[in-house]
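First up is the structure itself, then whatever we jot down about it.
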Amino acid sequence: MTQYPHNFNNNTQLLHWLFRTGKIDLNEGRLFEHKPIPLPPAMNWNRIEGMILGLAIGDALGNTTESLTPQRRQIQYGEIRDYLPNRYANYRPVGLPSDDTQLAIWTLEELNGNHGLNPDCLAQRFTQGRIFGIGSTMKGFLRHYKSGLPWFESGQKSAGNGALMRIAPIVIPHLRSQTKALWVDTALAAMLTHNDSASNAACLGFVAMLWQLFSRSTVPEANWWLETYIQFTQDLESDSSYRPRGGAFTEDRGYLWQFVERRVSQAYQQGLSVREACDRWYSGAYLLETIPSVLYILMRYGDNPEAAIVRAVNDTKDNDTIAAIVGAAVGALHGKDALPQRWQVGLLGRTAERDDGTLWRVLEIADQIWWHY
Ligand SMILES: [Mg+2]
């Protein structure tokens, strides 16, 4: 077991040590050199609420039919556009969380409580509650951490989407200060559970995109989504040995960003529907499936939050997580008011069995600490 060689004054020093000692699976790419772009003075908290609600709504719409193939799901449920009757809420058609929402809101709670990211506190928080639909990488992390390994040696080498799905709230403590520490905190929070080049880079790329979405007053062109993701991630990835686990492109080898660049632009040029494109590269929890699916949905439906989330829920396999990530992006771009009222009203705001309303309470505290202070 490795102990810290000294006490670090801040997370930036800590991350430098992790880079120097090779403990983080990531290149120190150009992103780390620049402060995030200044947010416009007119930027509204509504965008932050939209990001968090979009994440929770996407998860809730998807998690009742998670892991069905789109074909199977359609036969059983038709096109899903509303919450399904839920056995954990007396069969009412309301929105309940799975791991995506739980871990995201617990992260925000920790950021609020510690006045910023403390990775070890976040690791402890993740051990303190029943996680619904927990993934195998998260289980491995918890096993390692509970056995006494330090947090920075507990993360798994896994390119699953489990860090990406919970990363969005990391932007919130940085909205006012707008420093390079945003990238530092993102890298630390990402590696906590998934210490993997593709996952760490994807988390940084997605956070950088969310930040740009906050400052936009217009919907980006389709190509923006793909180009921006690649621009942010291509020098961050340190491992070129990824390969699809199924689908039409099993001969491909390389970096995640290369696969995304090649296959997403090809699908777009061919005018494939979301279903057709996602069937080709598969749309499960592996980042070579999740990232192309997310970007393709945003390229096709980034102008319409409802349509984007509906496509993610219906046309992908790991639909709760893909809809949660898509939901965070369209919420950050369009704001809370653009998310359908029926989805907002039906969301119970839970992060555990019986804590209705917690999501709004945590958001309200975040607003007071990080925005309207
Ligand atoms: Mg889930």
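Along the chain as shown, the residues are counted starting at 1.
Including glycine, each Cβ sits where the backbone N, Cα and C put it.
Annotated in TrEMBL:
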- S98, D99, D100, D318, D320, T321: Mg(2+) binding site (BINDING)
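Residues D59, G62, N63, E66, G133, M165, A324 surround the recorded Mg(2+) site, their Cβ atoms falling within 8 Å of the Cβ centroid of S98, D99, D100, D318, D320, T321, which are themselves excluded. Shown are the binding-site residues D100, D318, D320; the one with the most C-beta atoms within 10 angstroms of its own C-beta is D100. Around S98 (Mg(2+) binding site), the C-beta neighbours below 8 angstroms that are at least 6 residues distant in the chain are D59, N63, E66, F132, G133, D320.
In sequence order, D59, G62, D100, N161, G162, M165, A285, T290 constitute the residues six or more apart from T321 (Mg(2+) binding site) in its chain with CB-CB distances below 8 Å. Long-range Cβ neighbours of D99 (Mg(2+) binding site) (same chain, at least 6 residues apart, Cβ-Cβ under 8 Å): I131, F132, G133, I134, G135, M138, G162, M165, R166. S98 (Mg(2+) binding site) falls within neither a helix nor a strand when secondary structure is assigned with DSSP, and so counts as coil. According to DSSP, D320 (Mg(2+) binding site) is assigned to a helical segment.
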